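First comes the structure, then the notes that go with it.
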Amino acid sequence: MTVESTAAPAKVNLMGLSQAKLEAFFDSLGEKRFRATQVLKWIHQMGVTDFEQMTNISKPLRDKLSQVAEAVAPEVVNQWDSSDGTRKFLIRVGGGNAVETVYIPDGDRGTLCVSSQVGCSLDCSFCATGKQGFNRDLTAAEIIGQVWQAAKSFNQFGVGAQRKITNVVMMGMGEPLLNFDNVVDSMNLMMHDNCYGLSKRRVTLSTSGVVPALDKLGEYTDACLAISLHAPNNALRNELVPINKKYPIEMLLASAKRYIDGLPDVRRKMTIEYTLIDQVNDRPEHAHELAELLKDIPVKINLIPFNPFNLSNYKRVSNNALRRFQQILIDAGYTTTVRTTRGDDIDAACGQLAGQVNDRTKRSQRYKIDKNALDASNADIIPVKLVDEADVSITFNG
């Protein structure tokens, strides 16, 4: 006797669908494509996820949508407010996992730091996220859902609402370019006029240097770029950012320059992020070496004092060493800022995000990249093999 499953098919989550994908969804329902614009505005501008409240959509279509689709953001399970106004959200993403999202106010500017993965496989030595191991990529709905939940928290939805989130940075948990498609779709929703409408100069992707993905990035988006550098030479960067052993500094900076060369003149400059660690990379010779390294590249430099966390023996840079390092770069002609530590009393400062990572089946201390894939200039999939032989893939869907 054969028992047939009576389980209903899974509903399509519209939260993370781009305009093109949402139009294709309505095509599949035999509906007009303009419905995609209506639904995007309801979800991302009005904060409405209940189809019954989407009043400019006919009742029969609302009923149909309720049967086959949903609009669901991941759930905020905890929230902490810092004495300096920083707000950290703990967001559940399933499987007992959670990621952290941080809002940082600064005058009339409010920056949201968004996560792209549950944990991270890159294991940068100064970052708490890497110590948690790696579980999986976030879906586009889980990435843009962080923005949606933060906007809801600040009552940003609706006509005439004050915009509190003025900038978004992909600098939370995970390496964005190892979750290429979902990150690109999410960033494009952030900048879409029918969604959050952020200027392209107000959305920034930060990468430790997955060069094959960075080489493809300009085909899919033109957001701003930040390079998580942290060292002026390969020997030191190999220790701090292990992916440098596969994509050394020269290869990374060449790829980054190709990307910014494709941007409009007004945005043709990248940010170099440099975490200063006491007695590790904070000496005057490091500053001089960094100035020489970047001399032919349009950059601004953001110095980040190391923020201590459990499991790390590194120490915060001294104020004297920080000021000396900054002055050397300024004297060399670089715009050089210091990132003010915000939210450290709630473990929300840069490098402190850890979330909750369960089932670390893809945890890695180091990984290997298939050289044959790197040599294939037109490869669509570049497999990344972790030491435990679990696989992660960078996939480009054109």
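Using the three backbone atoms N, Cα and C, a Cβ is placed for every residue, glycine included.
If you average pLDDT over the domain 'Radical SAM core' (106-345) in this model, you get 94. As annotated by Swiss-Prot, domain 'Radical SAM core' applies to 106-345, with the evidence given as sequence analysis.
DSSP classifies Cys113 (disulfide bond) as strand under the three-state reduction. The disulfide bond feature in Swiss-Prot is assigned to Cys113-Cys350.
Annotated [4Fe-4S] cluster binding site per Swiss-Prot: Cys120, Cys124, Cys127, in sequence order. Mapped onto three states, the DSSP output places Cys127 ([4Fe-4S] cluster binding site) in coil.
If you look up Swiss-Prot, you'll see Cys350 marked as active site, S-methylcysteine intermediate.
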For Cys113 (disulfide bond), the number of neighbouring Cβ atoms whose distance to its own Cβ is within 10 Å equals 26
DSSP says Cys120 ([4Fe-4S] cluster binding site), in three-state terms, is coil
